[in-house]
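Q: Can you read through this structure? Questions will come right after.
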């Protein structure tokens, strides 16, 4: 029969002599042609153990017009440009997030529940960026790779890690929203009472979901590198919790706006507590619509809807999420800026003291008076000098 074959666009499963194999058009054709719906290609395994050409051809079966200005080469360049954009975005995000983590960890003044949650959010964004780089390196580094035969433990682990990082990122965005609403609703929040629950939820829930997804994949759809189209329960194990977190965060966003409007209208929450809440609300409210609410636009639509817009949002803007989070939560924070300025002044003053001390020591060592003093000391301790003194003493006697 005919062995499994990768023709550069589609993976064709193995077939017996004379068998006709039917597969759907690749999904990326939907974005080229803007035609949604299932179209199929067929190939015949001939008596000579060779595959026939696909029929109908890709241009007909998948609705692709050869005269279109948006050809495969143009599409390849289009995706290559996106790859460069999101690679630069994730690199900038990782660099800024690691810097922000070091700042929060280095200064004890920033060790509080709010910043602990921020730090976990930073880590989730870092993991997301690392997962994207790892997935690209394992699955797409070699353009000649046969994707039909690729089904290794390494590539499956890379995809599973990618799914886990996405889940963890959405859960920590949700926890940021929950924590903000908790602060706005309660006058006093015990750090020990909530922080560990947030940590267990932020990392424990994605871990449980990904374990369930891996076991379901192994027993129900153990094909390829687990990066193909998922069906039924396999799809909803990952998509369900993400959609739920997006929906809850959207509800929190609306409720937080309502609470803030009520607090601003009333005169009850004045003083330092009010300014504290408003500062925290300002930073988090900028985060929720930017990194949570916009997902609701596509969350409840089929994957084929708005593919080009999804690329711009999820790959283009999404890759810079970590950078903007670090900017909002760390670098633009007035307390962080003040503490960094104090530390910088302290370092500069310390360098000045070291310089003046070193310069003063060298000046004293190079002084002419110091040379005379050193000669006097040498004369006092010189053996010849001591002998001369003794001899003069005997002569006097």
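Just so you know, the numbers here start at 1 and follow the chain as drawn.
Heads up, the Cβ atoms here are built off N, Cα and C, so glycines get one too.
No curator has checked TrEMBL annotations; they are predicted automatically.
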Q: Please identify the range among 236-260, 336-360, 361-385 that TrEMBL labels transmembrane segment.
A: 236-260
Q: What stretch in 119-141, 161-187, 194-216, 236-260, 313-332 has the biggest tally of Cβ pairs under 8 Å against the transmembrane segment (83-107)?
A: 313-332
Q: Any contact between the transmembrane segment (236-260) and the transmembrane segment (119-141), i.e. 3 or more CB pairs below 8 Å with pairs at least 6 residues apart?
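A: Output no: the transmembrane segment (236-260) is apart from the transmembrane segment (119-141).
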Q: Restricting to CB pairs under 8 Å, which listed stretch, 119-141, 161-187, 194-216, is in contact most with the transmembrane segment (313-332)?
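A: By the under-8 Å Cβ criterion, the transmembrane segment (313-332) pairs most with 119-141.
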Q: Which whole number is the mean pLDDT over the domain 'G-protein coupled receptors family 2 profile 2' (82-333)?
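A: For the domain 'G-protein coupled receptors family 2 profile 2' (82-333), the model's average pLDDT rounds to 80.
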